[in-house]
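> Below is one structure. I have some questions about it.
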Amino acid sequence: MTRIASDTMREQLKVYFIMGSVNCAKPPAEVLAEAIAGGITLFQFREKGSGALVGEQKYELAKQLQHICREHGIPFIVNDDVELALALDADGVHIGQEDEDARIVRAKIGDKILGVSAHNLEEARAAMDAGADYIGVGPIYPTKSKEDAKKAQGPEIIRLLRRHGIAIPLVAIGGVTADNAGEVIAAGADGVSVISAIASASSPETAARQLVRAVQSSKKGA
Ligand SMILES: Nc1nc(C(F)(F)F)ncc1COP(=O)(O)OP(=O)(O)O
Ligand SMILES: [Mg+2]
């Protein structure tokens, strides 16, 4: 296995759905299947926050969601929990600044996809040096999906990183919706990552489809 090519990573980042059981009004498997039908390009299992599953229940839910992703050719990324990602042979992991060191995680996961959160130029450069395949930048807008989220920075942070030569695949996260996705792509993001915009929607399929359209039309306009 070799590391994912940047162009392939950029394609996969287009509409990146992140979810766990606490984010879903309907059964998570149903929400994920609908999101995939709506055209999401990547999925992250993020079982976190008050009421999140742990242990065997968390493992079983992850396996169930990974199976749905595999059936539809959608890469399955695990948030934070590197051991779970290895146990499931997931396609990759996402870690933040407060999680395990990126270099150590890269050594553990070999050529699997490694995503790293970055909030500024220094963190973005460090993530690249540590071998990240993409960076998650945000929160761009205020978010209710992450209890300890930092202050929203707006699309300007994306423009700043690109202006300083940060060319790595980059996904914007934090309060992104179909209404603001266009300005995030125009600022230089390769894709958008969402939790509640899809997970809390009455129709996750429609919500995903609207995000896909918003990203595609912004890229066409580029
Ligand atoms: N989970 C994430 N996924 C992304 C992605 F790029 F994938 F969109 N970007 C950022 C985060 C946030 O990661 P982190 O700062 O560790 O907080 P948490 O573990 O609570 O999510
Ligand atoms: Mg984390």
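Each residue's number is its place along the chain shown, starting with 1.
Note that Cβ sites are derived from N, Cα and C of the backbone, with glycine treated the same way.
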> According to TrEMBL, GLN44, PHE45, ARG46, GLU47, LYS48, ASN79, SER117 bind 4-amino-2-methyl-5-(diphosphooxymethyl)pyrimidine; so which of LYS26, LYS144, LYS146 is the extra one listed there?
LYS146
> GLU47, ASP80, ASP99, LYS146: which of these binding-site residues put a Cβ within less than 6 Å of any ligand 2 atom?
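Going through GLU47, ASP80, ASP99, LYS146 in sequence order, those close to ligand 2 turn out to be ASP80, ASP99.
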> Could you give the maximum C-alpha to C-alpha distance in Å for the residues GLN44, PHE45, ARG46, GLU47, LYS48, ASN79, SER117, LYS146 that bind 4-amino-2-methyl-5-(diphosphooxymethyl)pyrimidine per the record?
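The 4-amino-2-methyl-5-(diphosphooxymethyl)pyrimidine-binding residues span at most 17 Å between Cα atoms.
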> Rounded to a whole angstrom, what is the C-alpha distance between ASP99 (Mg(2+) binding site) and PHE45 (4-amino-2-methyl-5-(diphosphooxymethyl)pyrimidine binding site)?
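Cα-Cα distance, ASP99 (Mg(2+) binding site) to PHE45 (4-amino-2-methyl-5-(diphosphooxymethyl)pyrimidine binding site): 16 Å.
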> In DSSP terms, helix, strand or coil for SER117 (4-amino-2-methyl-5-(diphosphooxymethyl)pyrimidine binding site)?
strand
